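Structure, as structure tokens:
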Amino acid sequence: MPKYRSATTTHGRNMAGARALWRATGMTDSDFGKPIIAVVNSFTQFVPGHVHLRDLGKLVAEQIEASGGVAKEFNTIAVDDGIAMGHGGMLYSLPSRELIADSVEYMVNAHCADAMVCISNCDKITPGMLMASLRLNIPVIFVSGGPMEAGKTKLSDKIIKLDLVDAMIQGADPKVSDDQSNQVERSACPTCGSCSGMFTANSMNCLTEALGLSQPGNGSLLATHADRKQLFLNAGKRIVELTKRYYEQNDESALPRNIASKAAFENAMTLDIAMGGSTNTVLHLLAAAQEAEIDFTMSDIDKLSRKVPQLCKVAPSTQKYHMEDVHRAGGVLGILGELDRAGLLNCNVKNVLGLTLPQTLEQYDITVTQDEAVKKMFRAGPAGIRTTQAFSQDCRWDSLDDDRAAGCIRSLEYAYSKDGGLAVLYGNFAENGCIVKTAGVDDSILKFTGPAKVYESQDDAVEAILGGKVVEGDVVVIRYEGPKGGPGMQEMLYPTSFLKSMGLGKACALITDGRFSGGTSGLSIGHVSPEAASGGTIALIEDGDTIAIDIPNRSIQLQLNEAEIAARREAQEARGDKAWTPKNRQRQVSFALRAYASLATSADKGAVRDKSKLGG
């Protein structure tokens with residue numbers, strides 16, 4: 001029978017000092033036999049996805065205390081990728097994932113907490129907490145802050161839906177008037193919550209649901225809606241049950257590594273492909289799998305991408321649907337229900353509620369459930385009122401979207417495309433693979449061949465795009481922006497947005513060893529591995545080289561013979577200490593980022609730290 005970890009600090013005369021300190025936090029004698037549950041919050045006023053979380057930790061803590069546990073809350077950092085975008089701040093985004101994972105480990109292990117409730121929401125916070133949870137392998141439940149309502153405004157006598165990406169594109173489009181750009185900017189992000197499309201934050205919160213580590217509705221129920229409060233209340237109660245099951249009944253099924261099994265990871269990736277999620281999810285799932293010591297690799301993702309269709313299409317791939325529409329159509333479990341009927345899921349998995357996947361679908365799939373409370377929950381809709389307050393409205397759709405032929409979520413028969421929303425490409429400069437969000441690629445450019453325009457930083461590429469130096473038919477190559485080379489693997493949302501604003505969204509390709517925002521669409525290929533700074537062949541591409549992209553056949557090729565590539569590699573190596581570094585880039589890199597770069601692996605490994613360099 002496992003012993004409560006917290007007993008290390010609460011029992012025995014030699015822990016009198018620790019108990020004295022616990023008492024100073026408000027604990028009493030009656031608390032020193034109860035499980036100590038860490039409430040891992042991420043409130044900050046910097047991030048709209050986290051600005052409303054201040055009081056939500058208290059909600060969870062009250063339920064933990066009422067259920068027989070002791071709640072202790074702490075906070076992690078949280079970077080807003082949208083605000084950090086387009087300047088040096090983006091270098092810090094991906095490295096913050098590792099800091100978040102480490103900080104959770106440090107706090108939980110230093111104070112011997114028995115379990116966790118993770119209150120996350122945005123891009124690197126959910127992945128960082130997920131990595132920590134699987135590293136620590138103690139009972140955990142995730143409950144995120146929820147999606148933002150979609151922005152709405154009237155343009156040309158028509159009400160349209162908006163999000164952050166629209167504001168960026170219109171702001172950079174010289175054909176858009178100042179008045180219209182200002183109108184879109186003021187309407188794009190109306191409430192608290194994670195940005196309203198199927199961007200990285202919402203993708204990851206959907207995936208924690210598919211992994212079984214969060215409750216039904218977690219990925220899609222709006223941040224502003226009163227129904228979301230119940231997820232927080234339930235999490236506080238349920239975590240105490242899970243904790244006691246493990247420590248008092250020796251039930252290892254309560255542990256995250258037994259819930260988020262390899263089968264669950266495969267289900268999560270299947271969901272991601274079917275819903276056209278952010279390419280960043282590939283990076284984060286690979287990293288989380290390594291923390292769980294699960295053999296889940298790019299090869300597994302490639303196999304799934306070849307058989308899973310696209311059943312859901314959401315912004316930024318279309319402006320017709322946002323997360324509020326996904327929720328109305330049944331949310332994550334609506335998509336999983338269709339995947340299950342198509343025979344594409346592993347059913348031998350459970351979630352934090354203790355339900356198997358078939359049991360969960362029976363209760364929560366809106367096309368089959370008889371539970372009126374569930375149907376009511378999925379009718380939770382937007383209010384259209386600007387607010388930073390959680391649970392501030394109780395509006396509902398008049399009806400559910402259960403149209404699987406022409407609605408937001410489709411059945412296999414009526415899939416948006418036979419191929420899923422993500423694909424892994426391989427070739428002679430992406431030997432370990434690269435990722436493209438096919439959900440955002442126009443059919444006319446699924447096959448594309450053109451001359452390379454090579455840039456050794458995102459900044460240089462943006463300057464060239466806005467300066468008219470990139471023209472129709474070009475393949476923009478941005479390198480030395482990988483985990484090691486950036487360092488930090490910047491998102492390339494500005495280059496892709498500016499290609500659109502210059503009218504080149506369907507006329508050019510963009511390839512990088514960096515990554516893309518979940519808001520990216522177009523022929524944008526990222527995560528090229530190995531990256532340039534690790535000796536990847538992408539470092540050898542020159543202006544004018546022909547690059548051929550063939551998404552249907554999962555191929556990407558630099559059209560040079562092996563002898564020429566070998567000669568260029570030899571010339572690169574001859575640069576000595578300067579080999580595999582950018583030639584003319586002016587970038588100040590802090591000590592903290594250099595430390596990150598010294599251990600960073602390429603994207604095909606999830607950009608995690610290279611443990612082989614640590615010894616032991």
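Placed from the backbone N, Cα and C atoms, the Cβ positions cover glycine too.
GLU491 is the residue from GLU472, GLU481, GLU491, GLU531 that Swiss-Prot records in the Mg(2+) site together with ASP81, ASP123, LYS124. Residue environment of ASP123 (Mg(2+) binding site) contains 34 other Cβ atoms, counted within 10 Å of its Cβ in all protein chains. Excluding ASP81, ASP123, LYS124, GLU491, which define the Mg(2+) site, the same chain contributes VAL79, ALA84, MET90, SER93, LEU94, CYS122, THR200, ALA201, ASN280, SER517 within 8 Å (Cβ to the Cβ centroid), listed in sequence order.
Cβ-based neighbour count (10 Å, all protein chains) for ASP81 (Mg(2+) binding site) stands at 29. CYS122 ([2Fe-2S] cluster binding site) counts 29 other C-beta atoms within 10 Å of its own C-beta, drawing on all protein chains shown.
Around the Cβ of CYS195 ([2Fe-2S] cluster binding site), the same chain contributes PRO48, GLY49, GLY82, PRO147, MET148, ASP163, LEU164, CYS189, ALA201, ASN202, GLY518, GLY519, each under 8 angstroms and 6 or more positions distant in sequence. Counting in whole angstrom, LYS124 (Mg(2+) binding site) lies 12 from SER517 (active site, proton acceptor) by their C-alpha atoms. Other Cβ atoms within 10 Å of the Cβ of LYS124 (Mg(2+) binding site), summed over all protein chains shown, number 30.
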